[in-house]
Structures are given as structure tokens and as C-alpha cells.
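Peer 1: Please read through the structure below; I'll follow up with questions.
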């Protein structure tokens, strides 16, 4: 089996693949101070509860935006599974041309999303990943990654507002019944949720205009289910797009090495 690990600022998502099939997945809180031994114990418990043994894992692919945890999981792979993990980054060749000024600066999760999106939907295609930050990734008609946009995630944007405005308070992040709020709660939900949906719609329209194509837009990430229903420009929601991209990156790298 192949273990794929997507390390984000808020969550660590772990998946187990048997061939092309995602057999199990877990979303865990990003705990930067947790040791390799602690992660190993937790993953063992989760895998056993799902009917799997980590002894079946023969390879690991990691996407990470948290350098300290990259090292933690690399040590876990080496010590407990006796494998050298693939650490995805924008400077490596996965068969996806990366045509930006500094390829090494492109987040590994964005590379994985692009790989999986092209495999599933062809090119051109746009991927919007809703996480701690919201990223827009653009693949042109030639199948090349050409950049995108990064916006504050809806959760941290909302937290910044309520923390800095003395008379505002936290409310449930959900779409209100109308844009014109009749009270503070509805007004906050309108400005935050509906306003964020319009941010996404507007950027998708601008990106399509610059591309010169009505490229399909795919939503992914932990908060996709909140915003995607409010954005008719989306063609699909793919909750595990990054995990599938990690699997593909691993397979492509091993094919190129003749493994």
C-alpha cells in the first residue's frame, strides 16, 4: 500500500491507497510539537480500526507546507517503515510543466492538485483549494501550471474581523437566508460567507478571461463544502484531490526512476 500525507497549517490529511483506490483517509489536527513516535502510535490505531496494517505500506508521499512536520514524518517513514518518502516540491519534474518565475516556491499541495485535476478533467483547468488560505491554481491549454492566486482563508478572515472589532462576535459560518442581514449574526454571515463566495466567483471569471478559455473550475479542501454550493462556476467538488495528486506524483517519479 501507498501512504500519502498532506500536511497543512490547520490539518494533516493521511490516506492509504491500494493501487488507484483510496481505501482509507483521516483528517487530523496539525500538531507541530508532536514527535514521530506519537504520530506513529496514532496512525497505527487509526489504521487498525479501519482493518489495515501499516506493515503493508511500501511507500510514502508527502506534501507539506509546514517544514518542521516534514522532517517529523520523514523520520517516521525512515524509522518505522524503513522507506525514504517522496517529498513533493515544485522544483521536481512530475510531468507537469511549471511555468512560473520561481517553481521551487510553489506549494507542494498546489502541484498535487494540478496533477490530479489535469488527469481527471484535462486542460485547461482551475483548482480552488479552501484551507487556511484559499489558493487558485491555473493550468493552461498546454497542460502547464502557470500560477494563480492566494487569498486569506474564510476562517482566518472571519477570526481577524471578530478579534479586532470590539462589538462583533463569533457566529456559525453558514450561508444566511438573504444578503441583507436583519441582525448582527445574519450581517456577519452575509458579509463573510456570501461575500467570500463572490470573491471566488470574481477571481474565477477574471482567470477565465485571462486564459481565453471557459476552463472548468474544481473545488477542494476542508472548507469547500461551505462555499462551493454558492459558486455556480464550479464544475465539481473533489474532497480528496490532493491525495490523488500525491499518489500520481509518487507513481510518476518512480516510473521516471525505473523503479
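Placement of Cβ uses the backbone N, Cα and C atoms for every residue, glycine included.
Taken from Swiss-Prot, the feature ATP binding site applies to 6, 7, 8, 9, 10, 11, 12, 13, 132, supported by sequence analysis. Annotated substrate binding site per Swiss-Prot: 107, 108, 109, 110, 184, in sequence order, evidence recorded as sequence analysis. Here Swiss-Prot flags 109 as active site, proton acceptor. Summarising the annotation, Swiss-Prot assigns K(+) binding site to 129.
Are these features on the surface or tucked inside, and what touches them?
Peer 2: Sequence-distant contacts (6 or more apart, same chain, Cβ under 8 Å) of residue 132 (ATP binding site) comprise 8, 9, 10, 153, 155, 156.
Secondary structure at residue 184 (substrate binding site), as computed by DSSP, is helix.
For the recorded site, residue 109 (substrate binding site), the DSSP three-state label reads helix. Residues near residue 109 (substrate binding site) in space but far in sequence (CB under 8 A, at least 6 apart, same chain), listed by position: 6, 8, 63, 65, 129, 135, 242.
Under the three-state DSSP scheme, residue 129 (K(+) binding site) falls in the strand class.
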Peer 1: If one measures from the C-alpha of residue 184 (substrate binding site) to the C-alpha of residue 12 (ATP binding site), what distance in angstrom results, rounded to a whole number?
Peer 2: 34
Peer 1: Residue 110 (substrate binding site) to residue 12 (ATP binding site): how many Å between their Cα atoms?
Peer 2: 15
Peer 1: For residue 8 (ATP binding site), what is the tally of other C-beta atoms lying within 10 angstroms of its C-beta?
Peer 2: 23
Peer 1: Return only the integer: C-alpha distance in Å from residue 108 (substrate binding site) to residue 12 (ATP binding site).
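Peer 2: For residue 108 (substrate binding site) versus residue 12 (ATP binding site), the Cα atoms are 14 Å apart.
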Peer 1: Which is it, of 10, 184: the one of these binding-site residues whose Cβ has the most other Cβ atoms within 10 Å?
Peer 2: 10
